[in-house]
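Asker: Here you go, one structure.
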Amino acid sequence: MEERHKRVLQSNRSNLVRDLDPSKLYDGLLEKGVFTQDMIDEIRSSGTRRDQARQLVRDLETRGSRAFPLFLQCLTETGQHSLAEILQSGAPSVHLQPVAPTQVVRPAVQPLPLSPEESMRSRPQGRVRRDSIQSYKMDASPCGHCLIINNVEFEPECELNNRSGSNIDCDKLERRFKALNFTVEVKTNLKQRQIKHALSALSKKDHSQCDCCVVIMLSHGTEVSHNRFPGAVYGVDGQHVPVQHITNYLNGQHCPSLQGKPKLFFIQACGGGERDTGFEVSPDEAPPSIRGEDDQTDAIPMSSSSDSLSMSDEPDARATLPTPSDILVSYSTFPGTPSRAPGTWRHWTVFLRKNAPTDDLVTMLMMVNNEVSQNSAKGLYKQMPGSFNFLRKLLYFQSQT
């Protein structure tokens, strides 16, 4: 597909996901050779109407140069005129041809001519497609388990302040992930040993009927030596659990029923004592002044962003996937610096609520990353969320159609 047509689809993706009725298009797209029967069947099996619309648009971008005008033609033929007009207005050089009468017996489906680059991406017949990044299956009910560990009151001898703002964050998290069709379990004020026990119990659950697993840690944090994921989270007894150990409970070796499924870890904890004073930006880039510049660290709502280190997508090699594959660890602040920007968890929950129907997880994390970095721009010390992304595919949360 030509780049200008791809840009039209991408700029109108939210409209297409919201309004497109894929079931009306399948016969026409098959008859015109835009998709093969295997591709149609795979799109049909991707989940809800929105999931199918999202997958259809994504696959359409990988087809030949005739795919876009034929797609517009199918939209017109099936009465989806408003979408056709929106797309056509963004691509004025596309002209729809009148539909010629067709015989009752369908001719053999011929694939569209592909450019050399598109031919390399084309999917082999009868096999799992490799022509584009796929999305994780996320249509199970419930979608998966979500464990929230909320440490608020710390023992006096460990000299860590109580986190009075954390209960508000925890309530928002619980409501949001329940709305995303997760089974949510909240545990409060756990010691190091109890944190490990809760994670071990989660790893021993049967996740075979689930599509995802989420762990959220709300606590104080610190820096520790590591070889993959930095940082550690404190129990209320002042003893910490390294983030790398937290992720190990659910990796492919220790939790077989989560192999090949996304495992998400959100860490709201101070990353260390290094303070970032930032750098000067030009006036047109500086955001408006905000309140709460000197709020206490750690009891502030979390947020995250993506700094991708993506693994390659090899679905048929699942038995030999690298141990950290399908894991994303998201931090409220760049490792080594305090978590101090006010209102960051509010941004994250807002983006989850408003953007989950149309945007993938990593895109939403980047949106929050931008919000948090701008909101802390006027304070003396800055905050920059970040994440370690070992997901192999796009991840779209469930949404109501």
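Just so you know, glycine gets a Cβ as well, placed from its N, Cα and C.
Take a look at what TrEMBL says about it:
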- 1-90: domain 'CARD' (DOMAIN)
- 142-274: domain 'Caspase family p20' (DOMAIN)
- His220: active site (ACT_SITE)
- Cys270: active site (ACT_SITE)
- 276-322: region 'Disordered' (REGION)
- 302-312: compositional bias 'Low complexity' (COMPBIAS)
Asker: Using DSSP, how many residues in the domain 'Caspase family p20' (142-274) fall into helix, strand and coil?
Answerer: 38 helix, 35 strand, 60 coil
Asker: Please give me the CB contact count at 10 A for His220 (active site), counting all chains in the structure.
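Answerer: Excluding its own Cβ, His220 (active site) sees 25 Cβ atoms within 10 Å.
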Asker: Can you break down the domain 'CARD' (1-90) into helix, strand and coil residue counts using DSSP?
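Answerer: Going through the domain 'CARD' (1-90) residue by residue, I get 65 helix, 0 strand, 25 coil.
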